[in-house]
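Participant: Quick paste from Swiss-Prot:
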CARBOHYD  ASN64  N-linked glycosylation site
CARBOHYD  ASN184  N-linked glycosylation site
CARBOHYD  ASN202  N-linked glycosylation site
REGION    31-56  region 'Disordered'
TOPO_DOM  1-10  topological domain 'Cytoplasmic'
TOPO_DOM  32-372  topological domain 'Lumenal'
TRANSMEM  11-31  transmembrane segment
Amino acid sequence: MRLPRQSPYEILLLVLVALLVLLLLLTSKSPPSCSAPERSKEPEDNPGWATGHPRTHPARCRANLSVSSHPDFAGLPLHVRDFLFYRHCRDFPVLREPRVTKCAEPVFLLLAIKSSPANYGRRQMLRTTWARERRVRGAPLRRLFLVGSDRDPQQARKYNRLLELEAQKYGDILQWDFHDSFFNLTLKQVLFLEWQLTYCTNASFVLNGDDDVFAHTDNMVTYLQDHDPDQHLFVGHLIQNVGPIRVPWSKYFIPALVMAEDRYPPYCGGGGFLLSRFTVAALRRAARVLPMFPIDDVFLGMCLQQQGLAPGTHSGVRTAGVFPPSPRVSSFDPCFYRDLLLVHRFLPFEMLLMWDALNQPQLLCGRQSPAY
């Protein structure tokens with residue numbers, strides 16, 4: 001018995017039905033795919049020292065190419081153009097965080113120290129001198145290094161491994177995946193303000209400073225114990241009646257495309273300043289609405305102004321260094337530093353010498369010979 005011959009149209013229809021069934025089977029077994037945001041190529045960190053809070057990896061921020069249409073843009077230095085391209089970017093992955101115990105108990109003074117990835121020697125010196133975590137007259141001090149990533153990928157791999165080892169041993173590294181540079185110091189400040197809101201709100205006061213300052217933290221505690229952390233406090237080396245530098249070769253060059261005004265608000269030099277938790281919250285509110293400005297200490301002055309607050313001065317903060325009364329007197333005499341709060345700047349070995357000298361019970365000042 002012969003089977004009826006099928007027409008070409010029937011065969012084509014059967015093939016199409018079979019393909020449709022196969023496609024339905026395949027799609028039912030695997031979920032639909034979606035594009036994932038770009039992430040740092042860093043390996044997952046050891047959960048032994050991570051905070052335990054789930055972390056999202058933000059999508060990589062894209063350049064705002066529209067700024068390049070400005071007629072003055074092409075003539076700007078490369079780092080200024082780079083800043084303008086990415087001025088709007090504020091969300092970067094966290095590579096490393098401190099241990100959960102960092103702020104588990106109330107902190108009287110949080111030492112938030114800006115450091116570059118390569119500055120291992122400075123960080124080590126601070127850990128053993130003025131930034132050592134301890135209690136001063138019952139007030140707990142905690143330490144935090146704020147770090148970005150090296151611009152060069154090969155160097156970044158080495159430094160990031162170094163920072164990972166430091167984080168595992170000391171639990172004091174807070175690192176983000178952005179290029180650590182002078183013009184990104186403001187970004188570092190803004191990210192720290194947001195991090196503090198989530199992970200260290202119980203810090204009464206903050207020392208915000210560089211890793212090459214000498215801070216007399218014992219004197220800072222004495223000074224701060226007379227202040228209310230829930231009142232405005234922002235003190236350092238006050239700078240006022242100055243404006244943007246328009247000379248392109250200057251490190252502090254600010255073209256009119258970045259800031260058209262010719263006057264900065266009052267601010268404290270970025271080498272180091274003290275602030276209360278009240279003022280930390282005020283800075284955070286302002287930083288969320290103000291456009292980024294590349295010089296971090298000026299930006300914080302802008303934030304204070306936006307909140308109707310003013311920076312204050314303290315004679316014990318010397319971000320321009322110490323100047324002796326006579327050229328025959330050494331500026332490194334510890335007697336000049338005994339009653340100060342902070343001096344900028346110090347080499348690591350000078351940090352150790354000064355810390356040791358100031359902690360000598362036999363240190364005598366006045367007519368006696370200087371220690372150095």
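Glycine is no exception: its Cβ is also placed from the backbone N, Cα and C atoms.
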Participant: Cα of ASN64 (N-linked glycosylation site) to Cα of ASN184 (N-linked glycosylation site): how many Å, rounded?
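Facilitator: Given the Cα positions, ASN64 (N-linked glycosylation site) is 17 Å from ASN184 (N-linked glycosylation site).
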Participant: Given the glycosylation sites ASN64, ASN184, ASN202, which one is most crowded in terms of C-beta atoms within 10 angstroms?
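Facilitator: Sorting the candidates by Cβ neighbours within 10 Å, the top entry is ASN184.
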Participant: Cα-Cα separation of ASN202 (N-linked glycosylation site) and ASN184 (N-linked glycosylation site), in Å?
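Facilitator: About 27 Å separate the Cα atoms of these two residues.
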